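Novice: Here it is, the structure in full.
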Amino acid sequence: MRLPFFSGKPTVHTVLQNEAQECGLACMAMIANAYGHNVNMPYMRSVHQVSGGGMSLAELYNLAGVFGFDARGLAVQNTDEMDALKLPAILHWEGQHYVVLERISGGRFYIQDPSIGPRAFDRDDFERYFSGVVLELEPRIAMDKIAAKDGLTFWDVVKSTNGFREAVRRILIVSTAVGILALATPILLQISLDFVLPQSDIDLLGVLTIGLCALLLFEAVGRWLRDVIILRTSVGMQVQFTRSVVGHGLRLPLRYFEARHPGDFVTRMESIDQVKAFASDGLVRSIADAFVSVLSVALMFYYSTSMTLMVLATLVLAIGARALYMARTRDATNESLAARTVEVSTLLDGLDRISTIKAHNVSGRFEQRWFEKMARFASRDFLSRKLQIDAQLLIHIVVMAGTVATLYAGVAAVLTNKMTIGMLYAFFALRGTFFLMADTLTVNLMHLTVIGSHVRRLEDVIQADPEMASGATAIRKTIRKDVTIKDVSISFGRDERPVVVNAGLTVDVERNERIAIIGESGSGKSSLLKVIASVADPTSGSVLVDGQPLSRFGLIEYRNNIGAVFAEDGLFQATIVENVSMFDPDVPLDRVQEALELVGLTSEIDALPQGLATIVANNNTLLSTGQRRRLLAARVICRKPKLMLFDEITANLDARTEHALLEAICPLPGAKVFVTHSERLLDYVDRAYRLKDGKLEPVDVQQAGAKRAAE
Ligand SMILES: Nc1ncnc2c1ncn2[C@@H]1O[C@H](COP(=O)(O)OP(=O)(O)OP(=O)(O)O)[C@@H](O)[C@H]1O
């Protein structure tokens, strides 16, 4: 669809970056959406792959063209000149970040920071952060509107939770019933005061007392029922919803995880608790409360129009007081979530490398580094909570003032016989119920902004596309002939030099071929192996299985045929048996033992306190580094795959153990591809290639062997 002109003032909505280097992409998405496009981060990633170092201004300039903008880079000396800028524009920030300048008004600069959300600065603060470079964007006369496919939204996942709709219906019914019962109490009180007392009607009093007891009992039971339903829904959601989100997360492609620290994923999952509580309780209760509030207002009008108007005016002022704090609370929440991610990632990072920290005697420095992040989180979190308390104080003052004014008006009405004491009492009881509900309602509405931040964090996971799967269930399929990589190129940034260029290689699986790939450090061997293993996509080119594209053969079916050890591989915190069988209870124990025997680990494992049942982990020293590599090899052997892929499988092994391991692996059925720095490994393969300058060059293995023997 073509947009003839963009008419109207562009409104910028927050698009949060998900990775440190994605700020430029997120800024461009915000501006594109402000001019009528509808793009999200997954879409932005599909049009521009950001390299590890982030985006240059030139890259942003080129990307602007994709969205129909003419871009202009400007160096700004004096911020007074910025009033003349075409806004929104992209600013270079703190020398290493991009933000969107949305507007300048009243001497304040309103920006959208893709790492946090909207923020406002006065001129001094703004000048402290602004690096002086602006990218101004002018939409062209006609631009094609881009609408990214809407990914799965958070609410889609919530709604699909089993029994959620039914639970919402029940909570609504029970909450409404409880609310209506609560409204009946003031009416009974009024009757008692206005009719029973003046007439000393003891019989009526008896009837009213029984009625009141029944009402209060129903109300209490109703509340209990509502709380039970909410608890059940909340626990149900916790289980199902967490499973859906984490399950979806685990199905995302490797590149999603490569670009994020595990701490990022973990803290995103923490958002589930907040959102779940809101969806199963706050939201539904608010809807019921809104309905009952309207009823109580109607009843209050019955007692006194002027006093009800005073109550409504108080409510408007209370909402206004809350609104005053809304934007700042949301910003502080966003900042605290971002700070929490950094804190957790820093801590996990350190725990992962604790021996290095100790050996270099930098525990104190590490603690300081983590503490700074933690302190930042604590201060943001404090601010977010403090703002909520402050808002509460202001509201309290407003409501108190309203109470005094209404009380004055009420007593005056009684004195001038416009109202009975019973009516005044009932009015104030209704007013109390009304404010209680209205307050929960406004608290929940305000909380929506905080929940919005949590939802956006979860949507980063939910909206990312999972890996292509073959059908609902994988069928048993065996590689019969070969696996080919055809014209495969790999690069990690749009303008960066490709690591692998048009590589082609066929592994003859039928004849159990053995191939080695050697090359200098950083030449791209591991990246190529990951493409063969189907865990990474090439930038161009394809993987063919028995001549069919991988997508046709089926990703899951293909992976059922392969076993792999990657360079960065490690052990799970689990028993040795679980590590070798990969938690498959159907794998017989003797197959595990056989695999361990082949890699020469039997006697070492027998010496462990609990033998095969010993729990090992990457960071414990029960097994040496070389033993761990052999255990990883046993994992592959135990799988009996048609194609084995090994990255530096003999690293950390002495020549004798290396020889023994290769002697055991090589005769096994199944083709093998070894990525290695060990020239000795060339003696065990049929063919070898050297990856050099992105090209796969054949190596004469016989000649290489003879040369080594001569040395
Ligand atoms: N996910 C990634 N993002 C950005 N760059 C990457 C990524 N993976 C690999 N690279 C880069 O690609 C290049 C090749 O890396 P690779 O690990 O494939 O080399 P290698 O030949 O296996 O090296 P080594 O022998 O040292 O293990 C390196 O410069 C690396 O920084």
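Indices start at 1 and increase along the chain as displayed.
Using the three backbone atoms N, Cα and C, a Cβ is placed for every residue, glycine included.
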Novice: Which stretch, out of 171-192, 281-302, is listed as transmembrane segment by TrEMBL?
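Specialist: That would be 171-192, per the transmembrane segment entry in TrEMBL.
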Novice: Would you mind listing the long-range same-chain contacts of the transmembrane segment (309-327), meaning Cβ under 8 Å and 6+ residues beyond its ends?
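Specialist: Distant Cβ neighbours of the transmembrane segment (309-327) are 118, 297, 300, 387-388, 390-391, 394-395, 398-399, 401-403, 405-406, 409, 431, 434-435, 438-439, 442-443, 446, 449.
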Novice: Are there at least 3 C-beta pairs under 8 angstroms linking the transmembrane segment (204-225) and the transmembrane segment (421-438), leaving out pairs fewer than 6 apart in sequence?
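Specialist: Checked: the transmembrane segment (421-438) vs the transmembrane segment (204-225), no contact.
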Novice: What is the number of residues in the domain 'Peptidase C39' (17-137) that are helix, strand and coil, as DSSP sees it?
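Specialist: Result for the domain 'Peptidase C39' (17-137), in helix, strand, coil order: 45 helix, 42 strand, 34 coil.
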Novice: Across the domain 'Peptidase C39' (17-137), what is the average pLDDT of the model, as a whole number?
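Specialist: Here the predicted model's pLDDT, averaged over the domain 'Peptidase C39' (17-137), is 86.
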